[in-house]
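Structure first, then comments.
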Amino acid sequence: MDEMVRQADLLLVRHGTTPWNREKRYLGHTDIPLDPGGRDELAPLARKLAGKVLSGVYCSDLARCRETLAIVSPAYADAAVYDPRLREMDFGAWEGHTYEQLQHEPLYRQWIDSPQQVTPPGGESWKDFAGRIDGFIGNLLKDVEKVCSKTIGTAIGSGRLLSGSKGIEIGGVRPSGSKGSKDSEAVLSRSEGSEDTGPELQALPEMLIVAHGGVLRQLAVSLVPGLSFWDVHVQPGSLRRIRLSFSEETGSWNGILVNEA
């Protein structure tokens, strides 16, 4: 049997729109919920994610992300990991202000020009922001490794391919209402009527991350070689996919951005 490549897809979802988003106010750690339009705009994404079998679900602990997850993937809301490391950057004294209100402040102008060297007053430095995201990534990649190892082990043991989108549950997250305990061990179960469709249609494990614009950008920059922070655009209530592959040569995980159909 050919060596199987360890791969997994990360589904990066930005929370829906809040009142401060619409007013173009800096929104970091302030816990603002979605507005009615922000909830309504999530309907297409909820349809897209409906019925997906997820191998891991991670969410910022702030209300706008919790609410987004409850709308777009309600079956996994109880089982998700709510991680404060996925919070947006803390903008300190600039929280709730607009560009127009701050544009004449010298420190703000310096921060706009060099955000990695200047820290908002009472806020979070770029080093601290990037550091906590890197800490999350370290734990995430351990989970990805476990999921991929169990997936490959099952495929090798059975001599069959796994079709994750066809009813196979891979990894440690059970949706609400499913039978069995919510433990961290792998659960592999085939629903009636699912079938192996060949290498070209083999589905990969998928892991969902619901967070904030700056966080998703930093995740992408850390995982996809060659990206800069401002190369990544994730609109409120939208999804970007990163395909992770493990390189035996370098001993590391690297990603590519995959365009959604």
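Just so it is clear, glycine is given a Cβ too, placed from its N, Cα and C backbone atoms.
Because the structure is a prediction, the values reported are computed rather than measured.
Among the features that TrEMBL reports, active site, tele-phosphohistidine intermediate is placed at H15. Cβ-based neighbour count (10 Å, all protein chains) for H15 (active site, tele-phosphohistidine intermediate) stands at 33. Secondary structure from DSSP puts H15 (active site, tele-phosphohistidine intermediate) in coil.
The Cβ of E88 (active site, proton donor/acceptor) lies under 8 Å from the Cβ of L27, G28, H29, S60, L62, A211, H212, G213, G214, V215, each of these being in the same chain and 6 or more residues away along the sequence. For E88, the entry in TrEMBL reads active site, proton donor/acceptor.
When Cβ atoms from all protein chains are considered, those within 10 Å of R64 (substrate binding site) total 26, not counting its own. Classification of R64 (substrate binding site) by DSSP places it within a helix. Annotated substrate binding site per TrEMBL: R14, H15, G16, T17, T18, P19, W20, N21, R64, in sequence order.
The region 'Disordered' feature in TrEMBL is assigned to 172-199.
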At a 10 A cut-off on CB-CB distances, which of the binding-site residues T18, W20 has the highest count?
T18
CB contacts for R14 (substrate binding site) [other CB atoms within 10 A, all chains]:
27
